[in-house]
Amino acid sequence: MSPTSDSAPLIDGLLTKVDDNDPEETKEWHDSLDALIQEKGGPRARFILLSMLAEARKKNVTLPAQTTTPYVNTINVEDEPYFPGDEDIERTYRRWLRWNAAVMVTRAQRPGIGVGGHISSYASTATMYEVGLNHFFRGKDHPGGGDHVFFQGHSSPGNYARAFIEGRLTEDDLDGFRQEYSHPAATGGRGLPSYPHPRRMEDFWEYPTVSMGLGPSEAIYQAWFDRYLQGAGLKDTSQQHTWAFLGDGEMDEPESRGMLQLAASQQLDNLTFVVNCNLQRLDGPVRGNGKIVQELEASFKGAGWNVIKVMWGRGWDRLLAADKDHALEHLMMETLDGDYQTMKANDGAYVREHFFNKDPRTAALVKDWTDEEIWALQRGGNDYRKMYAAYKAAMEHKGQPTVILAQTVKGYLLGSHFAGRNGTHQMKKLKLDDLKGLRDRLHIPFTDEQLEADPYNPPYYKPADDDPALLYMLERRKQLGGFLPERRDVGNELELPGDKTYDVLKGGSGKREVASTMAFVQLLKELIKDKKIGRRFVPIVPDESRTFGLESLFPTKKIFNTLGQNYTPVDAEMMLSYRESTSGQVMHTGINEAGSASAFQVVGTSYATHGVPMVPVYIFYSMFGFQRTGDQFWAAGDQLARGFVIGATAGRTTLTGEGTQHMDGHSPLIAWTNDAFVSYDPCYAYEIRHIVRDALERWYGPDSGRDRNKMYYLTVYNEPMVQPAEPEGVDVEGILKGIHKIADAPAGDGPEVQLMASGVGVPWVLEAQRLLSEEWGVRASVWSVTSWSELRREALEVEQANFLHPEENRTPYLADKLAGAEGPFVATSDYDHAVPDLIRQWVPGDYHVLGADGFGFSDTRASARRHYLIDAESVTVKALQALVEQGKLDRSVLAKALERYDLENVNAGTSGGQGE
Ligand SMILES: Cc1ncc(C[n+]2csc(CCOP(=O)(O)OP(=O)(O)O)c2C)c(N)n1
Ligand SMILES: [Mg+2]
């Protein structure tokens, strides 16, 4: 063995290299191996070696973990458990579901509708869903609490078909598939969303899974969070299990595999992934030239998971038992996925010819079999009992999460136009012949005439109310705690703290300079101290606690870890020691924004999934927020999450010296595109105070009629500034709606201008106000715009209302607010022009916007702000220009101003303190 070939991972800490102290003996072993290969062939040698390894392990000769095992079922036939159900009855109604799912999608293609859908994915996964739904998955009424089941997004027709048989949906509802608005209006039924979208079907779907990769990562965090709740003493989740159904193609997504190690290191045995290895994705084979199951096995094992492979149905058992020299096992291993797919798109004769006949020994195994018998051999994931055995083993496994890799056929039972075809994913309807074939295979009691009557609308199958199979099916769900999927909107109220808690941000910072990030963190700490709801806050940090001043939570509130802390932290003697605990409050995800966003989603939906309202506070570098994990935030919006998303170190010029990858000048724009976000760019601590209180009241206070299901995005900065005390009678409504006046124009008779800014830009316009007054005799009023986007949203709503009800002729809040203000208006911020431009059409007068567009760079704050022309002097000159354009000032002031402020000189900027 060459020294470099011994590269097995050292997962369980075992030594993989040992010096050879008896080379002669080693050679003898090698020679006997050669002899074995020569005499009995490779497969036999392989078998002997594997069984030797197994023997060695049994005898405590520890060896590194093997990352792959043969291409056969992990669970031996003799180890399969007793199956407690009635397989025939369960097959009977599984057939109804298969039929109705395919019919629903076909009918959605009827003339005039043609909205599409997927047929083949549910066909390949139906068995796997049904084993779970009949024997494992617990509903919300189960005394142990419900399970969290992540159904595969585009297999939704199967869930709808089941709900129809269960009596939860009507035939008319099914006909509303993918016609969410048009169908109810037309028929009084219910339009069904294409995929699992809780926001679109609040009482049904729980987990939005259709954006591939997000489901697996969320599922891992769900299982972890269940342990968190247990550790916090907030809920007994010990009986709850998380199941995630994933596609083998989906496992290519980095998010699908990128969090596996967390599940293993945190020993999440409350988590099972079921990967449907139908060997196909949308366009074609997942690994035509390889073996996806083997690849995933190695990947999951390498990450520390328990792996159960369900490769072959029961028909293969006797062939494998007769496979004395392992020729069949060898052939199974050697056959490529692309060939397996092709076989299932053909017939028994093809399988005999291109599979069994490859080796005389395997050909002999089936020589007495008919082609039909060969064709009837199933893949493991399509075999009910094999899947039952796998689920049971997964539930019994302790100390590790489990993945079940189940081999199936895409388009299973749908006939030769569907099964295994490359185009099968996209096929949206069954033609008459396909329908007849499916009816026969599924034994659905429809005549040819019934199917021919209207081929665009083949009939749904609905059993009689007292059909024994139906009663059995309903009883199973009753025993398991109710139907699934189901979402309940339950934990909507918390006893919120009184004013005092928020007062920390009321009095200002005196002479001290405090950045808005620190102000926010100060309030968060107060909230965490609150006796009633303190434990509901979950700070989530991707390794930036120290950056944002959260490290003081380490010793007191601790970092959550299911293993606790089994080492002595290096700073054990210090006040701010790094402390981990099974009851820790902080969720630390490592350097993992994608994981943090998943954690946020899970915590922010706990009110519904657990009935336990929790408040996630996810703090991150704003640049690594929306643009990096925007899709997860979208999924969180879909799942009706609530919580704080804090884009700290925001601004294109504020994070001094950090450069383009860190300088965020656009996250409010991306946040704006997600309708589930209310986004604020506050400047002062006292503004933050009102925003945070308002959010908490909206989510968990008494019902105010407002939509509770909003997330709050706050951009906060790291630039220290003196925080003014909250003015008496401050305009709270203005702060919350997006704009309030913070300084009146000085008295006098000079021309007037309105200056607007948000966030860190507010001090620049206050300085501009001074310059304009003292140096140019111009009187400026100053507005703090806490939310450009909320102002826009409200204005658009008003416009929409006026569109349909012109007689009402309402005025947007912004236009009302600025009605008496004498323009022109000049706005600045530490963001792209497009941010203040969000409100352009409702500003009642000439509106001039400054902005920091494009890539950031490393420099001092003052120079960067001058470069972008967004600083105090730039605002001043812009205001003068605006007044010149209106004829209120003489044009000669412009040359003077440009020269006085040396506007093109980046070294002449003064807006911004030294780096912090
Ligand atoms: C992020 C993302 N990219 C692409 C898609 C489009 N898409 C939907 S299903 C699918 C193929 C899925 O294949 P697989 O995961 O193997 O599932 P199967 O249908 O085979 O069970 C693709 C590419 C998506 N839904 N999400
Ligand atoms: Mg697939």
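For all residues, glycine too, the Cβ spot is worked out from N, Cα and C.
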Which candidate from ASP236, ASP248, ASP317 does TrEMBL annotate alongside ASN278, GLN280 at the Mg(2+) binding site?
ASP248
Average the pLDDT scores across the domain 'Transketolase-like C-terminal' (739-870) and report the rounded value.
97
Just to be sure I understand the packing, how many Cβ atoms besides its own are within 10 Å of the Cβ of ASN278 (Mg(2+) binding site)?
34
Quick one: what's DSSP say for ASP248 (Mg(2+) binding site), helix, strand or coil?
coil
Would you identify which of the binding-site residues ASP248, GLN280 has the most other C-beta atoms lying within 10 angstroms of its C-beta?
GLN280
